[in-house]
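Undergrad: Right, I'll just put the structure down here and ask away after.
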Amino acid sequence: MRFLHAFALGLPLALLAACGGDDDGSSTTTTSTTSTTSTSGDGGSGGQGGQGGGTGGNGGQGGQAGGMSWEGVNPIEDIDAVSIVSQGHSFTEGTCWFPAESVLRFTDIPNSRIHQVSAGGDVTVWREPSGQTNGLALTPNGEVIACEHANRRVTRTLADGTVEVVAERYQNNRFNSPNDAIVRSDGTIYFTDPTYGLGGAPQEINFRGVFRVALDGTVSVVSNAFTQPNGIALSPDEKTLYVTDSQIGELHRFPVEEDGSTGPGERMLDGIAGPDGMAVDDGGNLYLTTGNGVLVLQADGTTWGTIPVPQQPSNCAFGDADRRTLYISARTSVYKVRLGIPGKP
């Protein structure tokens, strides 16, 4: 999520996915069947969305998990308004559920903290300082992957608390400011690297890219064609990688091969108001934080509707034992809402 520029100006941030800041959250969804999304909402910290409509095409396969078919099921039909999980922070991001511990973790970037929410709702500081960690991700072994904005690296925290560096350089040059990450079921890590967290530090890599860390630790480029890559997610079958470009308001997708490598990407949608972090449910639907709330898309780009959030959202993740609660980081707070389809932590 982009946040430093707005803080420097003393302006309210617009989430990577900026939400209507004055919305009281009392309404729940709007329904649309268009395959592109064009908004007039504030692009916020992710920049203004571009004009026009992206192509829908075919997204990653979903619709079925654990023998249950979700085809044609609207996951946000008749849902309640979002409710508060935690508030009083500076800028929240990185929501991630850790099922083995039954805890939610999220980050507060400016305060350089990672917070933890217990099953009982108690909020504590899990790590401080955190290197201004932005995005968090879960490995198959339950380890914590952290995109350390200020330290310009991606780390792994083991069960005993040991912190290991996963990646901090590409071709001997330091990353810009790793933003968000997703981990495949085999342990392959994908992450975005915009320049939002650089501040006055020199940019050593001459592009803002999306990277893959293979199982042997080799770092390779997924794409160097983004303006400001930000949110990242995998389809349920792990055959499609989704990435947002916040500055120009686009959502892209890449085919993922069996070995974790990726093919050429394509634009899936444009004209999105400040797209940021995202999550995917078992039906293959995408939950994209934007300047207008959480935009819910089918895998082909058709919209189910939008989940209103009182503050601009920056990221989201599924959690709880049944994986049907969507946790949403939004400016100074974290919210939650129960949905009709379970999703990935």
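Glycine is no exception: its Cβ is also placed from the backbone N, Cα and C atoms.
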Undergrad: Taking ASP186, ASP270, ASP276 as the options, which does TrEMBL list with GLU93, ASN230 at the divalent metal cation site?
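TA: Answer, per TrEMBL (divalent metal cation site with GLU93, ASN230), from ASP186, ASP270, ASP276: ASP276.
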Undergrad: Sorry to bug you, but what's the C-alpha spacing from ASN179 (substrate binding site) to GLU93 (divalent metal cation binding site), rounded to the closest Å?
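TA: Cα-Cα, rounded: 10 Å.
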Undergrad: For ASN179 (substrate binding site), which DSSP three-state class applies?
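TA: Once the DSSP labels are grouped into three classes, ASN179 (substrate binding site) ends up as coil.
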Undergrad: Distance check, please: Cα of ASN179 (substrate binding site) against Cα of ASN230 (divalent metal cation binding site), rounded to an integer number of angstrom.
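TA: Spelling it out, the Cα of ASN179 (substrate binding site) and the Cα of ASN230 (divalent metal cation binding site) are 6 Å apart.
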